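Only one structure is covered here, and it is reproduced in the block below.
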Amino acid sequence: MAEAEALSAPSPFKSDKGRKRWFPLESNPDVMNKYIAKMGWPAGAYSFTDVYSTEDWALAMVPQPVLGVVMLFPIKESTEKHREEEAARVRESTESLNPKLYFMKQTVGNACGTVGLLHCALNASISKGITLDKECFLHRFWEKTRQLTPAQIAQALHDEDELEEVHEEAAQEGQSDQIAREEKINTHFVCLTEMDGTLYELDGRKEGPVPHGSTSPATLLQDACAVVKQFMDRDPGELRFTIVALAPTATDDA
């Protein structure tokens, strides 16, 4: 379809001259929590926290139940090859996907962090019944886009000036050295979430949600990290993987 082709996110290995770009977001829980709080997420109850390893000792440190996982990974020729090989299976699976699942494409350059946070927060709200203030951005964006196609939601994000301003503020609060808006970025955020007992990978660069088998609220973190390990196994020796979990906010009394 012409619309889908026009809205498909280009590979970082191809030219994207003229494409709208945002400043890249850092994989930093403090930055992410301020960002989603400004969107209207109840960060006092659930917030992002670092997952330091996929090993059991690190997973045991994360408060439960985990609502979702956001992973940052490096894009290389090997990851692009896997995405191409996986595309046909993803297209076939879209017809049987859970209709409650919220999925959007990514068309704005460097917006994968925002797309990942939207995927994580909105699907957690849907699956866990978390109430959002009706006046907040998250609720308004969901109401505006929940009946749209993934490509149409991408266009809605593209046209969303309010969120773009908040994203720019969050991106520039990061602790890392600032990266230029036009600089080519070769890392990418994806979300891993649970909906009605199935684990889904939500990546705005892919054709649709990728199902990864059964999971539960109690085992979401472990099952998501098993998928993270698959990414790592495809690129042994690469260290630029980070994992954050959306989990109950730790209190000083703990």
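Cβ atoms are placed via backbone N, Cα and C, with glycine included.
All TrEMBL annotations are machine predictions without curation.
As given in TrEMBL:
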{"type": "ACT_SITE", "residues": "CYS112", "note": "active site, nucleophile"}
{"type": "ACT_SITE", "residues": "HIS188", "note": "active site, proton donor"}
{"type": "DOMAIN", "residues": "21-248", "note": "domain 'UCH catalytic'"}
{"type": "SITE", "residues": "GLN106", "note": "site 'Transition state stabilizer'"}
{"type": "SITE", "residues": "ASP203", "note": "site 'Important for enzyme activity'"}
Please give the average pLDDT for the domain 'UCH catalytic' (21-248) in this predicted model.
90
Reduced to three states, what secondary structure does DSSP give CYS112 (active site, nucleophile)?
helix
Using DSSP with the three-state reduction, classify the residue listed as 'active site, proton donor' as helix, strand or coil.
strand
